[in-house]
Amino acid sequence: MSAIKPLRLNPHHLQQLFQGRHRLWEPVIGLELHCQLHIFGKLFSPESRRTSPPFAPNRQVTLVDAAFPGVLPRLNADGLAKAVQAVTALGGQVQTVSRFDRKQYFYPDLPTGYQITQRGQPIGLGATAAQLLEPVRGIRIEQIQLEQDTAKSIHGAVEGADLIDYNRAGVALIEIVLAPDIRSAREAVVVIRKLQELLRAAGISEARMDEGSLRCDVNVSEDRKGGIRVELKNLNSLKLIYHAIQAEITRHITILESDPASAPAGQTEQRLQQETRGFDPVRRSTFRLRSKEDAPDYRYMPDTDVPVVRLTPAYVAHTTAAIPELPDARRRRLHTEYGLGLADCHGLMSQSGAVAFFEKVQQATQLPATHIGLDQDMRISFDTHPPVSVKQLASILTAIEQRLISGKIGKEILSLMLNGDTRDAFELIEAKGLRQVTDNQLIQTMCRSVVNNNPAELQKYRAGKQRIFGWFVGQIIKETKGKASPTLAKEILQKYLDQLK
Amino acid sequence: MEFNRNQASLRYGSRRSIVNKAQQSGLASPPSDPYRAFVPNPSRDSDTLPQTGVQSTDGAARGPLDGVSIGIKDNICTTDFRTTCGSPFLQDFQSPYNATAVKLIRQAGGLIVGKTNLDEFGMGSTSVFSTHGPVINPVPFLNGGSASPSDPSLMYSAGGSSGGSAAAVAAHLCDIALGTDTGGSVRLPASYCGIVGFKPSYGTISRWGVVAFANSLDTVGILARSVGDTQKAFDVLAQPDPNDPTCLTREHRQTIKKLHHQSTKLNELRAKWTSTNLSGCRIGIPKEYLIEELNENVTATWRQGIEYLRQLGATIVPVSCPHTRYALSSYYILAPAEASSNLARFNGLAYGEPFTKEMEAMQRSDGSGEPTLYGAQRALGFGAEVKRRILLGTYVLTAGAYRDYFVQAQKVRRLLKQDFNSLFQLADPLAILEEGGGDAIGDAIRRPEDGGTRVDVLLTPTAISHAPTLKSAAGALDHTSDTDTNADASASVSPILAEYVNDVMTVPASLAGIPAISVNCGRINVTDGSPTEKLQLPIGLQLIAQYGDDTTLLTIASALETTFKGDRAT
């Protein structure tokens with residue numbers, strides 16, 4: 001699982017209205033997300049080997065995946081469990097009875113000629129509004145369904161041939177259908193990021209757009225009622241999604257505000273119609289993939305090979321109990337229990353196991369949350385390779401709290417520990433003579449000499465340059481090789497400077 | 001055990017020589033198989049044949065089917081033979097795996113002697129729609145009949161779609177054959193060829209490795225010369241299989257057994273039933289099966305069957321299945337719909353012949369450039385009947401027709417099931433399993449023990465008549481290739497519709513998923529006005545039971561078989 005980019009939720013900038021020539025336009029955006037489930041095996045061939053990232057092409061294909069004559073699908077229990085967890089994690093309602101349907105169309109990457117999906121009775125319905133844009137507002141989830149992925153078509157890699165990689169054929173997906181509650185490209189991006197964060201945290205999906213484990217179709221229309229809906233497909237990064245939505249909104253408004261009579265004859269591009277479009281990132285504009293007339297009739301029918309899924313309350317309870325704490329809840333808790341700010345929450349939550357480590361340290365010290373910034377670039381897992389022990393880190397914090405050392409010395413000690421020293425802070429303080437200088441007399445002497453030896457600085461200070469105060473403190477600490485208590489130094493320096501007035 | 005091992009191996013040997021001769025002469029059909037019961041297997045070396053069964057050399061039986069020669073319908077996957085489904089599309093398809101049924105037969109010691117001919121993908125009632133040529137009914141040529149089927153006036157259909165299986169068993173080319181029954185494809189040919197054809201409850205025998213036609217209806221069926229042999233094969237094949245999610249698990253089977261044995265009174269009664277005693281057995285005669293199209297000699301045989309069963313102590317109860325009249329039309333909506341989906345994988349890319357040459361020819365002839373890839377492949381790869389059903393099925397699933405056809409047909413299917421449920425002594429165990437309960441709801445489904453009008457099995461004809469001539473059956477085939485005869489078609493009943501009517505007696509049990517068996521009940525005079533007026537052809541009667549009550553069905557079938565055999569003896 002990769003690190004999650006920090007979210008900067010700014011409630012005031014998400015919704016966006018567009019100023020047209022005559023009026024304001026409000027975009028209406030809906031998303032359909034396809035997420036590959038993070039499980040061993042495929043949805044209907046549990047024994048099909050699947051590793052991530054995938055192997056060489058066409059190596060992870062069973063008889064079922066390749067749709068050999070006479071084979072039958074067998075529902076993967078892990079896939080079902082992940083789907084149930086996803087529905088619950090997203091605030092939807094797990095359906096106790098769900099069924100599978102066949103969506104039929106001919107394409108070389110669909111070996112059976114039909115995709116097994118859930119249309120009429122899916123595993124999850126979003127009865128309650130999932131708090132995807134919390135605290136701004138809820139984005140409703142209409143439906144969550146289990147379905148098979150197709151094989152992967154590769155066009156243009158070999159001249160005169162289209163290649164198909166069946167490794168992906170039959171991989172378990174959930175499709176998350178969001179209600180058209182999104183109002184801007186930015187909001188869409190935030191929603192997708194939050195979904196990624198949630199799916200990863202819950203161990204449901206790796207949700208990586210670059211690797212295709214998360215794919216997203218976007219519906220765009222203007223105004224809530226009567227807008228003409230255009231679907232945007234094949235957008236495989238957040239950046240593309242953002243720019244495609246922006247381009248499409250602009251195109252809609254331009255067409256809607258233009259005088260239909262002045263449009264050149266025969267230019268269908270100038271007419272807004274229900275269709276599927278792609279995005280050209282170079283020209284920053286969308287183009288037609290398929291018109292409504294070309295839309296296939298999928299001839300949906302029930303799939304009677306896969307039995308009806310009936311979930312007992314005990315199964316649902318047991319399965320959903322295994323969902324780990326979800327990001328929104330965790331952030332809320334870190335804030336209320338430890339008083340951490342949003343940035344600190346993200347810092348901790350972006351590394352696997354860091355929150356648990358943090359909480360252990362907190363328990364060990366029984367102190368109010370103290371922040372020691374770890375190098376953000378350190379790629380470590382607190383689950384498997386914690387850089388220092390809970391006891392070591394707790395000892396540093398305790399030493400600081402007891403004013404044995406300053407925060408600066410604390411960081412030096414941490415640095416020693418990170419380099420392999422297994423002693424705790426107290427042992428290191430003794431061994432290295434790092435105990436904080438708390439001798440008032442000594443610090444007073446130093447204050448006097450630092451101030452008196454730098455008359456120019458004193459002059460500036462008196463002229464109102466408050467910054468010089470900090471410089472004096474720095475000099476005192478430098479004199480003591482960092483051991484002087486900064487608090488004490490500041491206190492004594494202030495007194496001395498006041499006396500000089 | 002009725003089978004003589006030496007005989008079986010002799011037959012096995014002869015089968016191998018058939019194959020050898022076929023290979024040497026390049027004949028489409030081996031000389032010793034003049035009925036086209038088997039699919040020629042030119043791609044395989046005959047040396048691989050001995051591996052098909054566990055051959056006992058020490059004389060000790062290794063399994064219940066030890067030494068029994070068995071034919072496998074060619075839509076069931078085997079690694080030792082290609083699996084063509086009677087289709088040009090799969091003419092060279094070599095399955096990399098064995099169907100579960102095939103595996104079980106081999107484990108039980110059965111000798112698989114070959115793949116039997118069929119209507120393409122199981123679609124048909126006469127076994128004329130096969131790329132290997134039509135199956136010929138062997139009956140007129142057996143027991144002192146004409147030596148070889150050279151006389152066209154004696155050419156009758158073996159029934160379909162498991163016609164090859166029926167013909168092979170009837171002609172003693174093998175002891176038992178597996179078929180598949182979607183709407184009567186095992187029972188109808190059994191009736192036409194004078195043998196036993198059993199379609200067990202849906203989900204009793206694994207479908208893993210059975211090339212799907214209509215997956216909610218497809219069942220593996222057994223064709224044999226006696227109910228006893230049928231029972232032996234059934235005992236081997238009725239096993240749970242994790243590879244088939246629609247196959248009953250061990251727990252399901254136990255629950256069903258428990259649910260069916262709740263009434264002590266009924267258990268005690270049934271325990272006494274044998275092939276010569278059915279005292280207390282209640283046999284329903286559904287009036288809806290007495291249709292206009294029914295041959296009068298078939299009606300007479302039906303009456304005879306009723307009389308025989310009464311003599312064995314059974315009570316005959318007139319009953320009604322009011323929705324039977326809608327069964328055939330519903331079947332011809334649901335089965336093609338599923339077929340259109342199941343056959344979508346045959347596109348010439350992954351499976352099936354690429355038909356490159358033919359496609360090039362198509363390009364040259366019409367000059368319009370590249371033909372649509374899938375369209376051209378499927379036009380070349382499927383036979384006429386399969387194409388007809390795919391089109392029919394595709395249509396009923398389109399957005400505009402789905403509600404009016406598919407959904408209505410599904411409703412009829414449920415109503416039919418309710419019809420049957422209201423008739424049988426035993427409740428429908430599937431309804432209970434679906435509710436997820438066993439013990440808790442057990443009481444709720446216990447039926448009143450006084451009987452009322454409820455019955456153990458239903459007795460109906462299997463087919464409206466004896467086998468049709470191959471000429472009239474092939475009429476449907478000719479009709480297909482001749483697209484400009486619409487004017488003629490309107491004048492009389494289309495041969496295609498006439499063929500569909502063949503299934504009218506068998507589709508209700510298929511739609512309900514309940515077990516049904518056709519037992520030979522003698523022969524009747526041929527009444528088709530041909531010069532063969534003196535010829536007699538076999539017909540069967542069909543017994544139908546509640547879901548999961550296959551054992552009772554076989555017991556009563558054995559009694560019916562015995563009475564008719566005794567009739568012939570006297």
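In case you wondered, yes, glycine gets a Cβ from its N, Cα and C as well.
Automated prediction, rather than curation, is the source of TrEMBL annotations.
TrEMBL annotations:
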- B:K73: active site, charge relay system (ACT_SITE)
- B:S161: active site, charge relay system (ACT_SITE)
- B:S185: active site, acyl-ester intermediate (ACT_SITE)
- B:48-58: compositional bias 'Polar residues' (COMPBIAS)
- B:56-554: domain 'Amidase' (DOMAIN)
- B:1-66: region 'Disordered' (REGION)
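All features noted in TrEMBL, drawn onto the structure.
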{"residue": "B:K73", "record": "active site, charge relay system", "Cβ within 10 Å": "34"}
{"residue": "B:S161", "record": "active site, charge relay system", "Cβ within 10 Å": "35"}
{"residue": "B:S185", "record": "active site, acyl-ester intermediate", "Cβ within 10 Å": "37"}
For the residue listed as 'active site, acyl-ester intermediate': DSSP state (helix, strand, coil): coil
Rounded inter-Cα distance in Å - B:S161 (active site, charge relay system), the residue listed as 'active site, acyl-ester intermediate': 5
Cα-to-Cα gap, B:K73 (active site, charge relay system) vs B:S185 (active site, acyl-ester intermediate), nearest whole Å: 11
Helix, strand or coil at B:K73 (active site, charge relay system) [DSSP, three-state]: strand
Where B:S161 (active site, charge relay system) sits in the secondary structure, as DSSP reduces it to three classes: coil
